[in-house]
2 protein chains.
Amino acid sequence: MSSSNRQLSLNLFIYPGGHHEAAWRYPSSAPERAFDITYYQELARRAEAAKFDAIFFADGPVLADNIRYSSRFRLEPLTWLSAIAAATSRIGLIATSSTTYYEPYNLARLFASLDHLSGGRAGWNIVTTGAAQASANFGYPEQPNHAERYAKAAEFVDVVTKLWDSWEDDALVIDKDAGIFADDEKIHAIDHVGPHFRVKGPFNTARSPQGRPVYVQAGSSDDGRSFAARYAEAIFTAHQTLISAQRFYADIKHQAAGLGRNPDHIKILPGISPYIGSTEAEAQRLFDEFNHLVQPAYSLGQLRNMTGLDLTGHDLDGPFPRHLIDTSGPNGVASRFQLVVDIIDREKPTIRQLINRLAGARGHYVSIGTPEKIADEIQTWFETGAADGFNIMPPWLTGGFDAFAGEVLPLLRKRGLFREEYAGRTLRDHFDLPRPDSIFSGVARASA
Amino acid sequence: MSSSNRQLSLNLFIYPGGHHEAAWRYPSSAPERAFDITYYQELARRAEAAKFDAIFFADGPVLADNIRYSSRFRLEPLTWLSAIAAATSRIGLIATSSTTYYEPYNLARLFASLDHLSGGRAGWNIVTTGAAQASANFGYPEQPNHAERYAKAAEFVDVVTKLWDSWEDDALVIDKDAGIFADDEKIHAIDHVGPHFRVKGPFNTARSPQGRPVYVQAGSSDDGRSFAARYAEAIFTAHQTLISAQRFYADIKHQAAGLGRNPDHIKILPGISPYIGSTEAEAQRLFDEFNHLVQPAYSLGQLRNMTGLDLTGHDLDGPFPRHLIDTSGPNGVASRFQLVVDIIDREKPTIRQLINRLAGARGHYVSIGTPEKIADEIQTWFETGAADGFNIMPPWLTGGFDAFAGEVLPLLRKRGLFREEYAGRTLRDHFDLPRPDSIFSGVARASA
């Protein structure tokens, strides 16, 4: 796609009640439908009607802290998206899954199946799982460290790529008369032997419509950036300022080019949580409504997870005790930690101001204003090397999405920045990404 | 349910093209739709229209031998059934998954999610995975032996049961005004420590509609029977004769009662593959049509898998060389091995007769005849202590199922043996099984 008609990519990031940490308490949210698949199918259909590229589910194999005050349970994304696939026909379906706690053969099957049953709409958000407590659900005496998790992730991606490629695209023959179902010369053992995995293969199902699901990545640490530059086709990232997003964008595209990749084949999609009002004051009032629903006991726990600092008992309206943060500690390598420290240094907030700020979208960009203002910000980021699109994180669902689709999207369309209709059928089509050939294409099989 | 109105349980066991090993070659089968989810959704809707209890998918994390001649690839069952759930509303959804090659936390999530999104229709066919080659896809230097796999399976079931129970049924509060989403006193860490697994918990999602999926089991070795008597709520089993099925039935119910279980809460469901004709001769001609599609190169491989004996090069029309079978070898403990040896000893077949016999349904009972004859057999097995119902294995799909539903089912209904309408909504309702309380019900939480 030439830059003259370059189009925004837009995903709907679905959290059960919405992205504000108190979204489930908002009067028009529907937490009683939190386990009702039809609620999510309806949301996905709305996103599809809006011609969004994809919907997206975060995930982690652990119960988040303090479920008492928040709706932060987890829906298993691959089953959930399979049921959503059956209720939609075009929109992409991106599931988060962990390379630290899954067996590659099992996870490869789940994603290939989602890609088959959705007609080529699967995306995989590759994470190493930051939550330390997850390790105790999988028999680890302690959490594998950051670098170790990324090394394992790289090998994991290598293994599943080979599995997804192990049936060449034309391996299925299905010749009833000749009695040949598949050409076994085109189905390859992968014989992977590495430090973390030994996987013989071949895979036990045919290559999926997209060849492989779209590879998505969401970590922004140094390890995360290197990993993304090498493997990712879309990146979800969190930035509080245009300049931070521009630097990240330039770094990733530069690193990717250095690895011989086409930088256009990595879509960089910062998160944005829009609070929309017909005037600035109305939008601010909407944000304040959510602030009133915040429960500090919960928010301080979230802050502790991000910074290692427990401020329980401190005066919430006093200045943030910056000197208590240990930037040399084990949190120091995590990108979200750095983002919070940057906010504190830049804005000098009180504790309450900081927790309200983070309550909006856990460190993602919160945009408060009129539809015009929000459309302007999106356009600016898109046109000044900060973003190829956005991960839309409505404060609450479904109303927060409807406001974006109803009020901001028409402005983006009027400016020629976002599609009126889908041009293709697969998530790769929507993201304008190539369909990869199998690495085994044309390779003669060494042994039957 | 009193014995006077005791009803058959009927499952549709779905293999992509059907159960005959050459089903995909049958003129009216549709192997080109093998990866098309709508094909399976249509099948499930037909089974639901027939008021079947459930559909069922086998599985194994390995590519079967000799895909060249057969459609024996694998559809990942949990994603597939999630998409089928979205197209149906009543029928049960039973997926096979391996306790040898999955992490319990991950598998517990997939099944709980299927149960949530289907409104309580999930069943888990618990297998240890017999196929030796699977181990090479998961880094094992060799396959864990039979007893070791069953020991691990028992611990696995223990772990996932605790995870499914870890949120008590009333843990979800969702009180917007009070700001309480869940009562964390009713969400329990499981703190499991055992020889195979260490899993802390709690689970990361609310208890599912059925509490737990229905526990299904399908191995009939001594280890398999003990396991089934302890854990299973439904058993899929293979028998060639009424007397064999009666013995199995009596043994399981006796063992279960000895463990303090209610024998009525274990449904014993032999497989049956019906070849239906309006006369006996027509039914036999139908079976012969399939025999003509058999490819001995494939069938001999199947026979080798079951018996350890490779008969390639032998005269197919000569007597089966019984003396070459090693009954003291490692296959000796597998129930399918014993079943094949029994057929040979009882029927003294030629090699070709044996492979045609096994091609029908891999050792499951093949019933060839008029609708009346097949209905009589089902009634006899049901009423003489051999079966609580059947796993229906149509020779080909979808026609083989339509013939059963259209011709045999009305006879069973006329005889008062099978429901006209669903009485409930969940798979436990259909099977007339109780919904289990959480093991943590009423247990005070030791620590927050």
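From the backbone N, Cα and C atoms, a Cβ is placed for every residue, glycine too.
Because TrEMBL annotations are produced automatically, they should be read as predictions rather than curated entries.
Since we're looking at a predicted model, the values are computed, not measured.
For the domain 'Luciferase-like' (A:29-386), the predicted model reports an average pLDDT of 94. Residues or ranges marked as domain 'Luciferase-like' by TrEMBL: A:29-386.
In the three-state DSSP scheme, A:SER220 (FMN binding site) falls into the coil class. Under a cutoff of 8 A between CB atoms, and with a sequence separation of 6+ in the same chain, the neighbours of A:SER220 (FMN binding site) are A:THR237, A:ALA238, A:PHE248, A:SER335. Look at TrEMBL and you will find A:ASP59, A:THR96, A:HIS146, A:TYR150, A:SER220, A:SER221 tagged as FMN binding site.
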Other CB atoms, at most 10 A from the CB of A:TYR150 (FMN binding site): 20
In three-state DSSP terms, the structure that A:THR96 (FMN binding site) belongs to: strand
